[in-house]
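**Student:** Structure provided below as structure tokens; questions to follow.
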Amino acid sequence: MRVNVTRFGTRGLSSWRRVIQEKNHSVNAFVCTSQLPSQPSGSDDLLLHNYAVAVKDMICTADMSTTSSSAMLKDFTSPFDATVVTLLREAGADIIGKVNCDEFGMGSLNTHSVHGPVINPFQLSSSSTSWVQREKRSAGGSSGGSAAAVVTGMCYAALSTDTGGSTRLPASYCGIVGLKPSYGLLSRWGVISFADSLDCVGVMATTVASTRHVFDILNVHDTRDPTSVTPHARAAALEEARRVWPTSALKDLRIGIPHEYFPSELSDEVLSPVRAAIENLKSRGATIVPVSLPSTPYALSAYYVISSAEASSNMARYDGVQYGLHVPLPPGSNLTNSASMYARTRSVGFGSEVQKRILLGTYALTADAFDNYFLQAQRIRRLVREDFNRVFRVPDVLSASNAVATPVDGVDVLLHPSAIRTAPLLEDDDAAASTDGLDTYVQDVLTVPASLAGLPALSVPLPNKNGQAWPVGISVVGQWGCDDMVLKVGQFLEDSDVS
Amino acid sequence: MLSLSCQPTNSLARQFRRAFHDKRWPGWQVIIGIETHAQIKSRQKLFSESLTSSLGEPPNIHVSPFDAAFPGTLPRLNQDCVDLALRTAIALNSQIQTRSSFDRKHYFYSDLPSGYQITQHYAPISLSGHLRIPDRESPIRIMQIQLEQDTAKSTFDPRTRTSKIDLNRAGIGLLEIVTEPDLRSPEEAGAYVRALQAVLRAIGASDGNMEAGSLRCDVNVSINPIGKPPGTRCEIKNLNSIKFMQTAIVYEVHRQRDLLSKEGGVVPQETRGFNQDTLETFKMRSKEEAPDYRYMPDPNLGVLVISPDRVQDITQKMPELPWVTRARLVRECKLSEQDADILLNLDAGRDGRSAVAYFDDLCKQSRKPTVVFNWMVHELLGRLHTARLTFADNPLSTSQLGELIDLVQSGALTGTSGKLLLREMLARPSSQTPTERALALALLATNQEQDIDQVCAAAIAALPSEAEAYRRGHKNVLNKILGWVMKETRGRADSKQAREQLLSLLERDVEP
């Protein structure tokens, strides 16, 4: 049985909660649900009236705890709502609950969580066992709870975050749409930081249309986020996109296929449907152009240095003093050394993956390593950005210098697989081992370049007739600020399902 | 000219001339550099909307989720702090950087909720500048000025063995102002800090009050035999008065000289503290133990771009700088240089305006500046000091003190009564005008000669033996008779006039 989503909009708010009650025990997406509003909030004409939206547990809500799936914040409730949550509430949405994720967003399988792993709700149509007894696969991470909640119909849409693929990977594994918008479009005020320069709020829904519906509500400038891009720059990017692709027609669309994004690790079950989707767009008039992004092989290491360095810095505040977990030292300990107090709380409060990245990041920032790691990674990050500017027809409106001239024969978007494989088995010893090894990191190879460059990236599920195969996602990546264009291309991909 | 005098003053001749004058350590040269942290006098903190606080407020009342490093909070740069930093840079002739940025300095301590301090390590807002100090030809070069966050305040109670944390101070803006190693004596170091305080106060960038903690100094000290290369420096942290800073430097010079005077002796590079009870410096940590702060560019704050227009705008609106004020006070107000410095070094008043502004206000209504100075400094400030108060506690408005001065100058009030009235006004501050209070206290001078004549006659009549003694040549007795008059008139009588009248009465009595 493929878990499909029922029609939204007409159902009452209580029905979302009924699905949670029926299915969450076997999915572990929700870690906390809100009270059913006694009366519908706001008027009927609000954009999200009667829609339930789930929020990743890294995004602050004043009425529910925000744990980041960490023992460190297990009982933490923020004194304020994140800006994105406020915007949803103002649009009439029912913030139905908080959903599971990897601890502080660090992980690709949603297994590093104090709430336990998220189980992928998908089941092959050929399977003969009951849905509850289905094969236990990962929902992807870090926003596994968001993806699983959406695909089971526990909510209309879910907020996720994406630092290096945390929205696109679970979207791909679960078979839904996941948008990582351009960096700086959606406010990060109230979003618990993993790596500030990469973190984006993501939107997940079953269709491109509903993803856009929620994205449009959140896409506003926020003075409380210093990295929130000005309305002027937003408008400039839209203008450039319109100038380059005025018809919004598939026949005028130039699609780049970056060969670096088809590594040898790519599994056949991914490659074939991705190829078919590209062929489909080509047959409908799109121009397909092979392109090269030569800095891609270095992107992953640069990503891990930068994200870990920023994470080690951001995690420093969890010391058990102001809020969150505090583990007292055993009786008789030396109390004169405050370091032992911090070490005790942090050793107990942080999981292994977070500890590993803190150590890696701390090392990268030490005086001896800084030049070779952090600065080098920043240079690679610039090169990655320039790679993209070299292939896109739309200029980069944020770059003042325009180090790279915009090519006339460039492309509008890039297409590539969202992940190198379908959802891995949770019980799998190999997968368990790879959770802690380098293999998990290789999975991120397809998603981190867009994060490093701050570009919009959308994962769209590929046609999967009657749930005969595990879901596969294809990613659409555009120039900074071209989120609208990326969503339009996503719509074309979605339409190929019916064509 | 300027650029020439900005050159490092390391010519041998100059070194000899300066160093040999110091009889405390003949043959040794002392090299000092100072790092000051001045709290920015802005309404709100550097990166949050919380109000800044002053000393003595209850703890933890000016705290936002950002100040307490709550997850999900982000910094927002307070442009008022930037403007005050730019004013400081302009006042210190420093080069404002078109592009500067913020970095995180990491360490774990209970007074640092986020585990890092946001500072400007890699690209400060301003570089290279200078400040002139009295009695020295070459100016003190400023290496850089940077914006950063203040930490929270943690206090340890040894009795209960607990630490208390007050987040009021956490995140207040600081200006870190770093000199080149240009200072050559404890006295020069003191003069530099005083000059810096005067600048910061004049431009409203900081209260610069060391006792209250709004200005803190770290001092680098090294010594070397004259003519030899500079020695290894030691940094003395957190000196909170100019006196302690000078004492610490003197102690440090002697300590280093003792070390170097031993056979093969060296000064290990270290960070030291200062014990205010023993007046000695003590080792805090060696160079090897120095923490690695793991500086990282702050990923939220981006580049701080300062436009030439903004700099120009601030330059045009710059308040008068201390050396300009000083010259004006001496030239136009005819104050002595010493008196001008007294005014310049006073704390700001209750309303936050400087003592010089208070003085200027008083002088505005064509009062004689030297008279104003006398009343303001000798009388008003003298009274405040007797009560262990400072100018910051002054309850009198300029119109109140001005009217008092006018009453005395016009003769409506005797000098004695004026001082009495001032004392009264300080003891029981009110919104009443000095005239109203003088009337209520019956202090207004009685200048009707009739009255004085009568009182003087009465005095002589009341003190016959004293009058007799005077007539026999004991001239000093006159003061006793005069005292009787003053007592009788409760000080209202003009003492000069009364003396003359007494003399004439006593002389007249002698003649027949």
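Here, residue 1 is simply the first one shown, and the rest follow in order.
Keep in mind that glycine also has a Cβ here, set from the backbone N, Cα and C atoms.
Not measured: the values here are computed from a predicted model.
The following feature annotations were taken from TrEMBL:
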- A:Lys56: active site, charge relay system (ACT_SITE)
- A:Ser142: active site, charge relay system (ACT_SITE)
- A:Ser166: active site, acyl-ester intermediate (ACT_SITE)
- A:35-487: domain 'Amidase' (DOMAIN)
**Student:** What's the number of neighbouring CB atoms sitting within 10 A of the CB on A:Ser142 (active site, charge relay system)?
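**Tutor:** Result for A:Ser142 (active site, charge relay system): 36 other Cβ atoms within 10 Å.
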**Student:** If you count the C-beta atoms lying within 10 Å of each candidate's C-beta, which of the active-site residues A:Lys56, A:Ser166 ends up with the smallest number?
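**Tutor:** Candidates: the active-site residues A:Lys56, A:Ser166. Fewest Cβ atoms within 10 Å: A:Lys56.
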**Student:** In Å, rounded, how far does the Cα of A:Ser142 (active site, charge relay system) sit from the Cα of A:Ser166 (active site, acyl-ester intermediate)?
**Tutor:** 5
**Student:** In three-state terms from DSSP, label A:Ser142 (active site, charge relay system) for me.
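**Tutor:** It is coil.
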**Student:** Compute the C-alpha separation of A:Lys56 (active site, charge relay system) from A:Ser166 (active site, acyl-ester intermediate), stating it in Å without decimals.
**Tutor:** 11
